[in-house]
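Q: Pasting the relevant annotations from TrEMBL:
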| type | residues | note |
| --- | --- | --- |
| DOMAIN | 10-399 | domain 'Major facilitator superfamily (MFS) profile' |
| TRANSMEM | 12-32 | transmembrane segment |
| TRANSMEM | 52-71 | transmembrane segment |
| TRANSMEM | 78-97 | transmembrane segment |
| TRANSMEM | 103-128 | transmembrane segment |
| TRANSMEM | 140-163 | transmembrane segment |
| TRANSMEM | 169-191 | transmembrane segment |
| TRANSMEM | 222-240 | transmembrane segment |
| TRANSMEM | 260-281 | transmembrane segment |
| TRANSMEM | 288-305 | transmembrane segment |
| TRANSMEM | 311-333 | transmembrane segment |
| TRANSMEM | 345-367 | transmembrane segment |
| TRANSMEM | 373-395 | transmembrane segment |
| REGION | 398-419 | region 'Disordered' |
| COMPBIAS | 402-419 | compositional bias 'Polar residues' |
Amino acid sequence: MNAAPSSRSVTYLLIAIGFAAMFASTAIKGIYQVYFVPLAEHFGQGRAQFAWSGGLFMLATGVMSPVVGALSDRVGPLRTVAIGAFSAGIACLIVAVCHQSLVIFTVAFGVVGAFGLAAMTFVPMGVLVDRLFEQRKKGLAYAVITNGTAVGFIVLSPIWIWLQPQASWMIVFASVGLSFALPIAAIVWLASRLEPPTHSAESIDERKDEPSAWVVVRRDPVFYILATGFFGCGATMAFIDVHLLAHWQDQGVPRLEMGYGMSTLGVLELLSGLASGALALRFDKHRLLALFYAMRSLSMILLLTPGVGVLPFAVIFGASYLGTVILTSMFCFDRFGNHIKGRVFGLLFLIHQIGAFLSVQLGAASFESSSSYSSTIMTLSLLTLFAAALSWIGLRGKASKSDGTTQPNRATLPATKTN
């Protein structure tokens, strides 16, 4: 960490840019989610076969997360976001132009687009907040910036649902691609000039003596507890991203009600992010994290409960959505050394996306074998219930720094922090 921007207004501008990037990033998954069934039909695939493209996307996002973390540590978080926006834009343009090839779609969207999403979202934003704010305010600041995804759900999900019968997927992918590759990437790249420098000369010398991220975390039981919970977090989020609308369609839920449900989920996601950041200032983080995982488990059960409609699920799942991410990030940034935080958070997101990948495949296989997602939903409910118990028991009093990491010193602390 180095000198923060001298002006508070510049700091708030950087947070606004990050928020806007998170908002825009929801389009990458949103258009795939809404056009999932038309895409499968276009390429002559069943849901199970075509779900491999979504599964690859989820897994590649995880594999790219440590890379994105290292890139954020080295060149800066906002430059990483700009590179991600350009990559995501190119990926969407490629699949729109080469729309007859399933292989090109799978590689371009599933790999290049996955890198773009990873580089625009949680890992670089965590590094950005870590550099801009003092320890006490990082959780709330991270909640604010990552709520761009919640607002994206609220605003963009109904638009994609409305567009789906109106415009072909090729037109929508091309339009999104142009927006990402040109104005969004350019604006974020220009804004990156205002962010704190990556490393001072002194901190670079100290960095040579730092152990690698894997050397630190492989001996740390807290990492494994966080990773287990984050695995369940990714698995449930991926089910929502890929299979939720298809599940609702199979249940005969009207299109308008689905739109309300997704918007409600986004509203509660927004409130969850802000609430988790604020509550973490007053209550034990391990209890809050356990509570959010328990809520996630209950919400999945509601998907199987007849007669309750979509809103109870949307309210409870949305209320837990960002809380797990924000509290996991707070444990990570509190516990690990300055120069490996981005990479450790990237490793956690790798586990998150492995859960996402397996969830996508399990859901598709479940539907193909039984024409129902019930077994997958029950599995996800049990998984997140286990994560709740593990967080409650295993993370008590574990926020302090792990052995083997470096405590921050005055050479690496910023000269000024946002108060």
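Keep in mind that glycine also has a Cβ here, set from the backbone N, Cα and C atoms.
Because the structure is a prediction, the values reported are computed rather than measured.
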Q: Can you work out the mean pLDDT of the predicted model over the domain 'Major facilitator superfamily (MFS) profile' (10-399)?
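A: A mean pLDDT of 88 is what the model gives the domain 'Major facilitator superfamily (MFS) profile' (10-399).
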Q: Considering only Cβ pairs within less than 8 angstroms, which of the stretches 12-32, 78-97, 140-163, 260-281, 345-367 has the most against the transmembrane segment (373-395)?
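A: Of the candidates 12-32, 78-97, 140-163, 260-281, 345-367, 345-367 scores highest.
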Q: Below 8 Å between Cβ atoms, which of the listed ranges 12-32, 103-128, 169-191, 288-305, 345-367 makes the most pairs with the transmembrane segment (52-71)?
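A: Looking at each of 12-32, 103-128, 169-191, 288-305, 345-367 in turn, the most contacts to the transmembrane segment (52-71) are made by 345-367.
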Q: Apart from its near flanks, which chain residues at least 6 from the ends of the transmembrane segment (288-305) lie with a Cβ under 8 angstroms of it?
A: 229, 232-233, 236, 247, 272, 276, 279-280, 312-313, 316-317, 319-320, 323-324, 327-328, 331, 373-374, 377-378, 380-382, 384-385, 387-389, 391-392, 395
